[in-house]
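Quick notes on the structure that follows.
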Amino acid sequence: MCCVTVIQSQDGWRVKYHQTDVCAAKGSSVKISCDYTHPPRIDPSDIKDRFWFTKVKDGEPVDLRTDSEYSSRVKHTCYSILKRCYLTITDVRESDSAEYKFRFMTNEPGEKYTGSPGVTLSVTGLQVQVRRSDSTWLELTCHSSCVLSDRAEYYWYKNKEYFMTGSSLRVSSGSTDKYSCYLRGSWNQRSPAVYGPQRPSVSVSPSAEMLEGGSVTLTCSTDANPAANFTWYKEDGTSDPHLLSKEPQLVFSSIQSSDSGRYSCTAENQLGRKTSDFILIPVKYLPQRPSVSVSPSAEILEGDSVTLTCSTDANPAANYTWYKGDGTSDPHLLSEEPQLVFSSIQSSDSGRYSCTAENQLGRKTSDFISIDVKYGPQRPSVSVSPSAEMLEGDSMNLTCSTDANPAANYTWYKEHEDSPRASGQIFTITDFTAEHSGNYYCEAQNEMGRSNSTFRLITSSGASPWPVTTAVFASTSAIFLVIIM
């Protein structure tokens, strides 16, 4: 409240307000008063009307008693002898905040007066202030920005039911109850209730399928007073959830596949803390370039069991296709499974393999991987050059051929001799004579094994110019070379 103000005119009219500013709590009652004076020539009985107003309509003040917003809540009392008037407003509302003026008049035209400026009324609501006493208890105080009487009585409600009397109370931290207060006589003008957050809910926008590169917003919502502070977390499944943000919204301007996961938010104020359920964010994205793994990863031997596995990261899950390329045409489709299995791999399975991974968003192909199957030499074959008839003194080449991986080393033998005659794929006999007659064979060998050719038999019956003839005799282990002269 402020000091007394006196308003008076020079011809004896005046209004004296007892307060210039009045502050009231919402729901309480307010009394405003003033004294009025008129010129001595006017008899008190000539004062025909006295009233309070805040509004002017068509140039004339509107009596509060006729104003629909006040009619049931105002009481106007005047004492003519004291020339004093009172205005009482009950159940004051925040909309009652205004400047109130007093007006009085006689029956004579023009004899009227308004005390201006008037009394300014400010109406504020009660608020519950929260203060932490310690880690266990909170102190709630019923507060008004107005200076209220020391005799003001406060009442507390707990979950909409009367609880206790007093300007403050203690409650346990983390309480889920709702507390509000009011002044005696204004039970229907309780303060807003204070309470801890309800379990937050999480909404996703857009709610449709989330594609990599799109904009996605997660919003955390709850009901709490005082308003809650929010914190966002992402769960990675290996440790405590990772803190991401302290805003009500978590915004991904260009969401990535790595953003897929389980998210939650917490809402917290002075009275408590609650955490939402986890929400799964499944970002859809096309397959990454597939990788191919080989099991076993060691050297692959013919007859081994070998598995090729195609792997990628994709959502939705990718479908796989296996191809083998020979370098001369389009790759040959082999399988439409994630794994390509050789239960007993063969030398013919050596080659370049690749796989594709595909979903409805796109397709990617792996790099080629080479499968090199190791195997021992096949039974060698022996060819003779020249293949025409030869005379004594001519030269001839015996060539040993086989299929092996790694490549075979060759050794030539003559029957009944322990020492090899030659090494290398080609065995050359120069200046052919009868001494060269006999049975010859070759041996092919690598780290995987060895194999012998059949014999080749060569016989000689005389000197040149008789022709040389060769004959082949098959056996289980060698070729006989017979040189016939």
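A Cβ is built for glycine as well, from the same backbone N, Cα and C atoms used for every other residue.
From a predicted model like this one, the values you see are computed outputs, not experimental measurements.
For 117-181, 200-276, 290-370, 380-459, the entry in TrEMBL reads domain 'Ig-like'. The annotation transmembrane segment is assigned in TrEMBL to 466-484.
By the Cβ criterion (distance under 8 Å, sequence gap of 6 or more), the domain 'Ig-like' (200-276) is counted as touching the domain 'Ig-like' (117-181), at least 3 such pairs being found. When DSSP labels each residue, the domain 'Ig-like' (200-276) comes out as 3 helix, 41 strand, 33 coil, counted as helix, strand and coil in that order.
Mapped onto DSSP classes, the domain 'Ig-like' (117-181) shows 0 helix, 37 strand, 28 coil.
Mean pLDDT, taken over the domain 'Ig-like' (117-181), works out to 85 on the 0 to 100 scale.
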